[in-house]
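Okay, so here's the structure we're looking at.
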Amino acid sequence: MRALSGPRLMLCGLLLLLFQAPCALGLAPLSRGHLCRTRPTDLVFVVDSSRSVRPVEFEKVKVFLSQVIESLDVGPNATRVGLVNYASSVKQEFPLRAHSSKAELLQAVRRIQPLSTGTMTGLAIQFAITKALSDAEGGRPRSPDISKVVIVVTDGRPQDSVRDVSARARAGGIELFAIGVGRVDKATLQQIASEPQDEHVDYVESYSVIEKLSKKFQEAFCLVSDLCATGDHDCEQVCVSSPGSYTCACREGFTLNSDGKTCNVCNGGGGSSATDLVFLIDGSKSVRPENFELVKKFINQIVDTLDVSDKLAQVGLVQYSSSVRQEFPLGRFHTKKDIKAAVRNMSYMEKGTMTGAALKYLIDNSFTVSSGARPGAQKVGIVFTDGRSQDYINDAAKKAKDLGFKMFAVGVGNAVEDELREIASEPVAEHYFYTADFKTINQIGKKLQKRICVEEDPCACESIVKFQTKVEGLLQALTRKHILSQKPLRGEGAVRRALWWRGGESLAPCVVGSGRLLLKTGWILAREAGLGFGTEKGEAETKS
C-alpha cells in the first residue's frame, strides 16, 4: 500500500469535509428579509469632481450614491436628499426639496457631470450647512426626530481650510461623514468627520472599490436594525439578523424548505447530498501570474473529484483583489469540462487584497437563489489567499458561519494565520490549511488515482473526519516536489526537508487499506529512503 504524501493528505481532509450532509450543518439559509426602515433624515452629499477625478471614476461615485439612495425611505415626510458638486467652485445639483421619490433621485444622479477644476472642500462644506440644509432649499426645522447628515466624498488635499467650518457644522448638530479615495489627505478626513471617527471616516484605495462602502451607509441609516429581536420576521425556527434585514435558517437536523421560511426534518439517510460550492480566489498583485496559473490548476483538481450535475454538485467562482468579480455563478456550467475551461480562461486581476469585501459578496450574492443557489443544498465556501486583507474580515466571516455556510480557508506564503482561523468554520483546525509555497499547490491531489469515497469499513481518524481512502502502489520518497516549504532542518545523513500541514490536531491511528498509517500534526521530516519518515512532533510510518 502507498501512504498518502503530505499534499495528498491535505486535499484528502479538505475534500472529505466538503461533502458532509447538509443536515449536519444546522443552519441552511436562503430567504432574505425586508429592507430596513430608515429614520427621517435631511441628507446632503458633497462630492468632489476636481480634475484629479477622471470621468470613469466619477461614474463609480454615482453608482455608490445610487446604491445608498436605493436603501432609503425617500419622501417629503421621510428622507430628503440633496447633492452638492464641487471643484474650484460649488454647484448645487439638486436641493432637498427637489425630488420626492426614489426614482426621481436616481435619475437626477445619473445626469450629474464632473466640474474638473480645483478642490475647495471647505467652501463646499460651508455651502452645505448654510445653503443646502436651509429651510429655503427644503431643510426641515431642527428636531430630535429628524437627522441632519452630510457625506463628503473627496480624493485630494483641499485648497482651503476644512477644520473650522466642519467644527461649526458638528456644533450645530450636523453629522459629518468623510470618505477619502486614493491619495487623499487623511488628516483632512479626520478634521471633517464627526465622532467616533472610526464610524465616520472611511478610506478606499481607488474609486473602483468605493461601491463597497454603500452597505455601511445603508446600515447606518436603518431605524430598525434587528428585525429578529423585534419579532418582525416570519422564520419558523431560526432568524439570523443583519442590520435592517434577516435570513431564515434551521436548527441542526432540519433543512430549509424552498419558501425560505419553514423547515423539514432531515431523512435518516443524512439528507440531500447536493452541494453548492463557491471558490473565493485571491487575485492580488502579490500572487504573481505564474502562481495564479497554479491556483487555477488547484481549483480544477478539486473540480475533478466532484459529481457535477443539477442534483449534486454546483460550482461558482469569484475572484477578488481591490474589487470583487464574479467569474461565473452557481449552476452556469453543468459539466466538469465546462467548469474547468472557465477556470482556465479566468484572467488575473492583479491589485489589492480585499478579502472582507469578497466574503460580503459571497453572503449577499453568491449563495442567493437568484445566483443559482438551491434550496436545501449544502453551502460551501473555499477562500484562497496569499496575504493580509486590506479590509476588515471579522464581521463578514462571522456572518457567513452564522448563516450555516461551511467555510474553508486555504493560505499560501504570507497568508496571516489569524485571518485564516477567523474565516474557517468550526472546528477551526479542520477547516483551514496553510502551505509555504505556491509550487505545492500544483502537487496537491495531482491526477488523483482514486476518487475519495467512504466505504463499508471507514477508517476512524476521529480528530479530523471518519473516512477511508483507497490508494494503490508503493510508498514513494517524499521529494522536493511533494513538500510545502523548503526549510532545511538540522541533522546528518539523508536529505531532510520540512512539511507543515495544518489539517488538525494529533490524528488517531488510521487504517488505510491493508496498511497502517500513524500521523501526528507537526513538522514532518521526509527521509530520502521513502520507506518511512520521522517527525519532530510524532511519528509517521507504514507497517504491512
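Cβ coordinates come from backbone N, Cα and C, glycine included.
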Recorded disulfide counterpart of Cys248 (Swiss-Prot; options Cys235, Cys263): Cys235
Cross-link partner of Cys228 (disulfide, per Swiss-Prot) out of Cys239, Cys250: Cys239
Disulfide-bonded residues compared (Cys228, Cys239, Cys250, Cys263) - highest count of Cβ atoms within 10 Å: Cys250
Listed disulfide-bonded residues (Cys235, Cys248), ranked by Cβ neighbours within 10 Å, top entry: Cys248
When distances run from the Cα of Cys235 (disulfide bond) to each of the recorded positions Asn77, Cys263, Asn345, the nearest one: Cys263
Spatial separation of Cys239 (disulfide bond) from Asn345 (N-linked glycosylation site) - C-alpha basis, Å: 40
Cys235 (disulfide bond): secondary structure state under DSSP, collapsed to three categories: coil
Secondary structure at Cys250 (disulfide bond), reduced by DSSP to three states: coil
Averaged pLDDT score, the domain 'EGF-like' (224-264): 71
Set of same-chain residues at least 6 away whose C-beta sits under 8 angstroms from Asn77 (N-linked glycosylation site): Pro40
